[in-house]
Amino acid sequence: MFVSRPAVHPVEAPPLTDAAENPPRVRMKDIQGMPGTPGGLALRLFQFAFAVAALGVMVSTSDFASVTAFCYLVAAVILQCLWSISLAFLDICSSSKTLIEEFPCSLSVYHWRWGKKICGITSTLTFAAACASAGITVLIGNDLNVCSQNHCTSFETATAMAFISWFAVSPSFLLNFWSLASR
């Protein structure tokens, strides 16, 4: 009977390197999209712009208040607008060195753990409101076939803007959550 036997193969040790030639790795602290970076400011402005667009389109219809999901969408994007514009303001302040020196306490929101969690809350609320509104627009348009009596195009546009706002919120939420978890 042939039985395999373990074989020991010698392994060479890696060559010793000088620390001056190969410095240790350094983690990047300013990943674009994180608070205080130009990418973070761009994400905040996109969040705000699309949330305002969703709010404006939804409020421009006369009968949005008759459906609870649409009222929920309006409330969620109002919260998203307020949170995004406040963080955009803080991103602008953090990019200006003179404002940091004059108002150091205004930038403490970035170090505040609840501030990072509120991004997750607004992200979840915006996504849930957009999903609920999408379900109602499908019900009105496809199942009930009453688009002639309702503002289906406006409802669909507002829902799409809310989803795009959520797509802009998601990277900033994930980066905020990652920075919270990496401490």
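Each residue, glycine too, has its Cβ placed from N, Cα and C.
In TrEMBL this protein carries:
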DOMAIN    36-168  domain 'Casparian strip membrane protein'
REGION    1-22  region 'Disordered'
TRANSMEM  41-61  transmembrane segment
TRANSMEM  67-90  transmembrane segment
TRANSMEM  118-140  transmembrane segment
TRANSMEM  160-181  transmembrane segment
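Away from its own ends, the transmembrane segment (41-61) comes close to residues 33, 70, 73-74, 77-78, 80-81, 84-85, 87-88, 91-92, 95, 126, 151, 154-155, 157-159, 161-162, 164-165, 168-169, 171-172 of its chain (Cβ-Cβ under 8 Å, at least six residues beyond either end). Applying DSSP to the domain 'Casparian strip membrane protein' (36-168) sorts its residues as follows: 116 helix, 0 strand, 17 coil.
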